[in-house]
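S.K.: Dumping the structure here so I can ask a few things about it.
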Amino acid sequence: MKALWAVLLVTLLTGCLAEGEPEVADELAWQSNQPWEQALNRFWDYLRWVQTLSDQVQEELQSSQVTQELTVLMEDTMTEVKAYKKELEEQLGPVAEETRARLAKEVQAAQARLGADMEDLRNRLGQYRNEVHTMLGQSSEEIRARLSTHLRKMRKRLMRDAEDLQKRLAVYKSGAREGAERGVSAIRERLGPLVEQGRQRTANLGAGAAQPLRDRAQALGDRIRGRLEEVGNQARDRLEEVREHMEEVRSKMEEQTQQIRLQAEIFQARLKGWFEPLLEDMQRQWANLVEKIQASVATNPITSTPMPEEN
């Protein structure tokens with residue numbers, strides 16, 4: 001395992017020189033001490049190494065080693081996410097049941113999206129291994145190019161899923177902090193003077209009446225914001241698919257043009273191979289004919305016939 005991480009480190013250093021700022025941005029976005037984010041960092045590192053499609057990656061993709069490593073990293077990440085979510089649930093405290101259910105549902109949905117896309121990535125790598133083994137009328141370069149395109153697309157999707165989950169957990173954590181603060185305030189009220197207790201009780205009654213309205217407004221705002229984010233993500237995915245389709249069409253056209261050019265060159269070479277011997281044979285025959293005529297003239301010179309005299 002240490003050797004694998006050493007290879008990953010060298011690959012990452014090489015990738016940073018080649019890809020520049022986008023990789024640095026990914027690293028900066030995940031500087032955190034939460035265990036689930038650290039597990040996700042390990043998943044990112046391994047995915048970056050797979051994306052290099054180096055000779056070692058190609059060799060390990062032929063076996064089940066890559067998918068096994070991804071499975072372990074995926075399970076570690078999702079286990080840490082579940083543990084962190086459970087920890088926040090225990091800290092959530094006395095919040096409205098509607099708010100608790102909404103926050104839990106949002107976190108669960110974001111967690112499910114991340115897990116499903118990780119599973120899709122693992123299945124795609126398994127499909128690549130099968131395609132390489134069968135090679136059904138395709139070249140290895142075509143299969144590798146298609147895998148590289150799919151990995152880039154999946155990496156973007158996974159990054160969006162991870163960012164969305166991070167936001168949802170941050171909201172969940174904020175609710176837990178508010179619940180803890182309310183618990184501390186309740187203890188302070190019970191230990192305070194009786195007059196202060198009455199004043200705080202009156203203030204809490206007013207806040208309790210306004211709380212459902214605030215919860216409904218927040219829920220509506222969250223639903224609208226979530227819908228806008230979903231529409232934006234769908235639009236970005238569609239644009240990305242169109243761009244990738246255009247790139248595939250352009251690549252296929254270039255490949256077909258190259259094939260036509262090669263076929264024309266082959267046909268030209270065949271024509272040349274057919275006609276050159278024929279021309280050479282005709283030239284030899286013509287030269288032989290000329291030589292025979294010249295030889296005949298030399299051995300049988302033409303004598304001039306005298307003209308008859310006129311009377």
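The backbone N, Cα and C atoms fix where each Cβ goes, glycine too.
Taken from Swiss-Prot, the feature signal peptide applies to 1-18. Taken from Swiss-Prot, the feature repeat '1' applies to 72-93. Annotation source Swiss-Prot lists repeat '2' at 94-115. The repeat '3' annotation in Swiss-Prot covers 116-137. Residues annotated as methionine sulfoxide in Swiss-Prot: Met135. Taken from Swiss-Prot, the feature repeat '4' covers 138-159. Per Swiss-Prot, phosphoserine is recorded for Ser139, and the stated evidence type is similarity to another entry. Look at Swiss-Prot and you will find 150-160 tagged as region 'LDL and other lipoprotein receptors binding'. According to Swiss-Prot, the heparin binding site annotation covers Met154, Arg155, Lys156, Arg157, Gly221, Asp222, Arg223, Ile224, Arg225, Gly226, Arg227, Leu228. Annotated repeat '5' per Swiss-Prot: 160-181, in sequence order. The repeat '6' feature in Swiss-Prot is assigned to 182-203. Per Swiss-Prot, repeat '7' is recorded for 204-225. The repeat '8' annotation in Swiss-Prot covers 226-247. Residues or ranges marked as region 'Homooligomerization' in Swiss-Prot (evidence: similarity to another entry): 258-311.
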S.K.: What residues elsewhere in the chain lie close to the repeat '3' (116-137), defined as a C-beta under 8 angstroms and at least 6 residues from its ends?
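M.R.: Residues 43, 47, 50, 61-64, 66-67, 70-71, 74, 77-78, 143, 147, 150-151, 154, 157-158, 161.
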S.K.: Per DSSP, what is the residue tally for the repeat '2' (94-115) in helix, strand and coil?
M.R.: 19 helix, 0 strand, 3 coil
S.K.: What's the CA to CA span in angstrom from Arg227 (heparin binding site) over to the residue listed as 'phosphoserine'?
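M.R.: It is 42 Å, counting Cα to Cα.
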S.K.: How many other Cβ atoms sit within 10 Å of the Cβ of Lys156 (heparin binding site)?
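M.R.: By my count, 13.
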S.K.: As a test of reading the model: what is the averaged pLDDT for the region 'Homooligomerization' (258-311)?
M.R.: 78
S.K.: Give me the CA-CA distance between Ser139 (phosphoserine) and Gly221 (heparin binding site), in Å, as a whole number.
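M.R.: With distance taken Cα to Cα, Gly221 (heparin binding site) is 51 Å from Ser139 (phosphoserine).
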S.K.: With Cβ-Cβ distance below 8 Å and at least 6 positions apart along the chain, what are the contacts of Arg223 (heparin binding site)? List them in sequence order.
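M.R.: The answer is none.
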S.K.: Tell me, how many other CB atoms lie within 10 A of the CB of Met154 (heparin binding site), whichever protein chain they belong to?
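M.R.: Counting Cβ neighbours of Met154 (heparin binding site) within 10 Å gives 18.
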